[in-house]
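J.: The following block contains the structure, expressed as C-alpha cells.
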Amino acid sequence: MGKAENYELYSVELGPGPGGDMAAKMSKKKKAGGGGGKRKEKLENMKKEMEINDHQLSVAELEQKYQTSATKGLSASLAAELLLRDGPNALRPPRGTPEYVKFARQLAGGLQCLMWVAAAICLIAFAIQASEGDLTTDDNLYLAIALIAVVVVTGCFGYYQEFKSTNIIASFKNLVPQQATVIRDGDKFQINADQLVVGDLVEMKGGDRVPADIRILAAQGCKVDNSSLTGESEPQTRSPECTHESPLETRNIAFFSTMCLEGTVQGLVVNTGDRTIIGRIASLASGVENEKTPIAIEIEHFVDIIAGLAILFGATFFIVAMCIGYTFLRAMVFFMAIVVAYVPEGLLATVTVCLSLTAKRLASKNCVVKNLEAVETLGSTSVICSDKTGTLTQNRMTVSHLWFDNHIHTADTTEDQSGQTFDQSSETWRALCRVLTLCNRAAFKSGQDAVPVPKRIVIGDASETALLKFSELTLGNAMGYRDRFPKVCEIPFNSTNKFQLSIHTLEDPRDPRHLLVMKGAPERVLERCSSILIKGQELPLDEQWREAFQTAYLSLGGLGERVLGFCQLYLNEKDYPPGYAFDVEAMNFPSSGLCFAGLVSMIDPPRATVPDAVLKCRTAGIRVIMVTGDHPITAKAIAASVGIISEGSETVEDIAARLRVPVDQVNRKDARACVINGMQLKDMDPSELVEALRTHPEMVFARTSPQQKLVIVESCQRLGAIVAVTGDGVNDSPALKKADIGVAMGIAGSDAAKNAADMILLDDNFASIVTGVEQGRLIFDNLKKSIAYTLTKNIPELTPYLIYITVSVPLPLGCITILFIELCTDIFPSVSLAYEKAESDIMHLRPRNPKRDRLVNEPLAAYSYFQIGAIQSFAGFTDYFTAMAQEGWFPLLCVGLRAQWEDHHLQDLQDSYGQEWTFGQRLYQQYTCYTVFFISIEVCQIADVLIRKTRRLSAFQQGFFRNKILVIAIVFQVCIGCFLCYCPGMPNIFNFMPIRFQWWLVPLPYGILIFVYDEIRKLGVRCCPGSWWDQELYY
C-alpha cells in the first residue's frame, strides 16, 4: 500500500475528538511473527478516525476543489495527469509472503524446532561414535532420519492446509467493477473503472456497482446495498442532500464496491483505490497480523518444559559420567542420547492428527477449519463478538406485525398459515392486503412454482420482497392477483415524497372506477389521509384515531422494526373515466383525502436456532457481544430477541425511563445491559471502553465502523479474553483477522470475510459455533490425555540409558526400538483418544483460563513421569533382568559389564554359569533385551491408554468399549508387537528377536498395578474436591 498518511481517509466518525486517537493510544498485544515499529505505527494511524467534508460542500466548492465541472466533468488532459499522480483506481496488494517462507514456517514451530535439535544431536553423536567404531552408530543415524522425516511430513501437511486459503486482498479485487460510465469534456463514454480519477463525473443505474467513492449530485429513486460494508440490512436511499455530519450516515455519498439496487445517479468521484472506504478496510485487514493461537502458546510452553528437563537430565548425567571416569567425548554422547531420549518424537504427529480428525468431524457438521490450530482455539473462547445481519439474523426482511382495525397482529410467514392471528375474511384486512400487493414493484423470478415461497428469488428491494412473499402466502398467486388490477400509472418511491403511489383499474369490468393505492413512511402517508378504514367502514380520521395510530407506530418502531403505512382511494368514474390520461408530472389526480388502511412492520428476523445457541454459550460461560453497523434500536431489539440482552436486563436508558429521571442521574453500574453506538464509541477513551466491557455483562455495539470493530476486539483481548469474531461482510474482515479465531459465513459471506477467517460456517448458522466450541473443548481435554499417554513412556525409554551410563549394564533398549514405540505402536492408541467422549457436560463448564489451565501442567508431568512412568520403568527392568538371568546373566554380574560386553575382540565372555559368549551371541542377546523391554513398555502402555480414557471419572463409568477406535488401536498395537517379534528377518533389519511367551507375562502385574493405582487416584479426586489430593493429582 502507498503512504496512507498522505491520503484523506474517513470512517463513520468525524474529527479527532477526545477518542479520535483511541487506537493509537492502546498498547498492542504481542503478535505472532512480530513486525517493524514503523509498520505497527502505520497500522495504528490507519485505525484513527479521520475527517473529510466532501459531503458537506456545495457543488461550486466541489468544482473548485477538484478542478472539475458538475456538467461537463474533467478535461481529458487533467484526468491523465491525475491518473499519473494518484495511480489506478484499484486496490494495491501488499507484498505477499513467498511460498518457500510459508513452507519454512511450517518446519519451524515449537515442537519442530525441538525435533530439529534432536536430529542434529543424533547426527553429531553418529559422527562421534563412527570415529570410535561404536556398535550403536547406525541407530543414531536412523533416529536422525526418522526425526527429520516426521518434521517434513507434518510440515507438508500444515503447508497444504495453509495453501488452500487465498490472500485476503484478492477477495477485495472481486468487488471492483469492471466498467464505469464517465463524462469528460462534456462527452459521455465508458472506461475501465480502474481509470477513474478524483473529480470525474460518473453516472450509474440500478444493477451497477459503485465504481469509486462518489459524492452524489443528482439521483432519482436511487437505493444502494451497504450491507457488506456497514452491516445495514435495509437498502439505503441516496440523494443529493447532506443529511448527516458522518459520511457513512449521509445520503449524498455512495461507496466504492457497494451495489446500486435501483434508480439512477450522477456524481463526482471524491476518492479512488486505496483511499476509499473499501481500500482502507483492505489495508486494515492485510495489515493486521494473526495472533498466536492458544494451542500454539501451549505447545511452546510444553516445549520449554521438555527442553528444560532434557537439558537438566542430560547435564546431570554428563557430570556423573565425567566423574566416574568416562572421556569427554563419551560423556558428550551420553548427554546427547539422554536429550534425544527425552524428546517425544511421536507427539508432533499425534497433535497434528488429533486436530485433523476434529477438523474433519467439524466439517461434517458444516464447520470448515482453515487453520488446524483454530479447532482448539474455539474451545478456549470466552467472548464471541458477533455481527448481526446474516449471522444472528436471516439477512432477509420478513413481515412481522400488522396494525389494522386498531389491533396489532403478529404475522404468520409459514407456508401453512396455521398461526395467523387475525380474521382473513375481514374487509379491512382485504383492503390492506390489496394495497400492499398492488403498490409493490417486486416480482418473483419465473419458473419457481415448485419452490417454497420463503426461498423464492425475488427481483426487488428487501422491503418489497418481504411484502410480496407475505402477500403470496396469505392471498396465493400474488402475481396473478396483480394482473386482475392492471396498473395505469405509478410514482416510484423517492426520498423527497417518501411514498410510492400507483393507480389501477378494478377487476370487475362492470365497475369503471380506478383505485389509487399508496405506501410509504407512516407519518407521511397519514398526513395525506382524511379517513381510516375500521372493520370495513370509512371513519373520519379524528384525534382519537390519530392517537391510536401514534401508539401503534411507536410500539412497532420500539421493536426495532421498519414500519410502512398503507392507504387507498377509489377515484369516481365521472372525474376519471376509463382511458383517462393520468400524468405523474402534472399530478392530475388527488394525492390527499385518502383512506388509511393500516400499518405493516418488517424486520430481518433472527435465525430460529440462535436463541438456543446464545443460551448454550451463556451456560458455557461464553459472553456474546453484538457488534453491528445497523441502527441501535434495531440492534437492541434483535439482541433482546436472541438472548444477548436477557429478559429483565435493563440499559441505563431503560432505568432512567422506569424511574422517570434523566439518564445522567442513573448509576451506570446498575445497568446490566449497555448499547453503545459508533458516535459514543468515538468519544470514549480506551479506559472507558475497557471499563464498559468489564461493568456490563451484556453489550451491544451499533453503527460501528470496521476500525471500531477492530478496537472492540483488541479491548476484549486486553481484558484477557480469547475472542471469536463472527461476520459475513467486508466490514467484518479486519476484526475477523485480528480475533483469536475468525468465523465467517459460507453462504452469505463475502470472499474477504472468508479469507480473513480461520473457520467458515457452511450453513451460515450461528448455532454451529456452539458445536465448534464443544468440539474445541473436547479436543483440549483429549489432547491432554494423549499428551499424558505419550509422555509416560519417556521415562521407561530414558531410564535404560541412565542405568547404562551409571551402572554400566548392557544397553537394555536401543534407539531403533524407541522409534518403533514412538512412531509405530503407540501412535494409534494416542490418536484414538481423540475419539473419546466427554467425561461430563463440558458445555456447563467455564472457558479455560489460558494462564492457569495449561495443556501440560505440573500435575500432569509429575503423574506421567514420576508415577506411571516409574512403574513402567520397573516393569521394563524386571523383564530385562529376567530375560538376562534366564540366559545365564544374573543381575549382579550385569553390573559393570558394559565395557566387556561391547568389546568387539572379546569372543569368550563367561556368564554366571561359566558359558562362553562370542560378540555375535552377545549382540543377539542384546537385541532380545531390546525386544523384551519393548514388550514391557507396550503391555504397560495398554494399561496406560485405558486409564487415560478419563481424568476424573472411573474407567468403569466411562465404559471400556464405547470408544471402538481405541479398542481397535489396542488390538493393532498387540499385532504390531507380535509381528516385530516373530517376523523372520527382523533381527537383521530392526534389531527385534523372537522372545519366550513368559516374558510377555512379566509386565502384566505392573499393568494391573497401573490401572488400580489410577482408579484410586480418580476416586480421591472425586471424593475430595479442592483438597491437596485433587490439586496435586488431578491433571
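Heads up, the Cβ atoms here are built off N, Cα and C, so glycines get one too.
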J.: Per Swiss-Prot, is Asp185 on the side of the membrane where Ser954 is?
T.: yes
J.: Which stretch does Swiss-Prot mark as transmembrane segment, out of 855-877, 878-900?
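T.: So the range that Swiss-Prot calls transmembrane segment is 855-877.
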J.: State the residue range annotated as transmembrane segment by Swiss-Prot; the candidates are 464-483, 704-723, 784-803.
T.: 784-803
J.: Check the transmembrane segment (855-877) against each of 99-119, 300-319, 332-349, 814-834, 930-949 and return whichever range has the most CB pairs under 8 Å.
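T.: Out of the listed stretches, 930-949 contacts the transmembrane segment (855-877) most.
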J.: Contact between the transmembrane segment (930-949) and the transmembrane segment (300-319) is defined here as three or more C-beta pairs under 8 Å separated by at least 6 residues; is that satisfied?
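T.: Counting Cβ pairs under 8 Å, fewer than 3, so no.
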J.: In the structure shown, with every protein chain counted, which of the recorded positions Thr389, Ser601, Ser840 has the densest set of Cβ atoms within 10 angstroms of its Cβ?
T.: Thr389
J.: Including all protein chains displayed, how many Cβ atoms other than that of Asp732 (Mg(2+) binding site) lie within 10 Å of its Cβ?
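T.: Looking across every protein chain shown, the total is 37.
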J.: Can you give the mean pLDDT for the topological domain 'Cytoplasmic' (350-783), rounded to a whole number?
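T.: In the predicted model, the topological domain 'Cytoplasmic' (350-783) has a mean pLDDT of 89.
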J.: Just counting, how many other CB atoms are there within 10 A of the CB of Val343 (K(+) binding site)?
T.: 26
J.: Sorted by position, what residues of the same chain at least six away from Glu797 (K(+) binding site) have a C-beta under 8 A from it?
T.: Ala341, Leu813, Ile818, Ile821, Ile937
J.: For the transmembrane segment (964-982) and the transmembrane segment (99-119), does the number of C-beta pairs under 8 Å, pairs 6 or more apart in sequence, reach 3 or more?
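T.: The transmembrane segment (99-119) and the transmembrane segment (964-982): touching, no.
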J.: Helix, strand or coil: which one is Asp732 (Mg(2+) binding site) in, per DSSP?
T.: helix
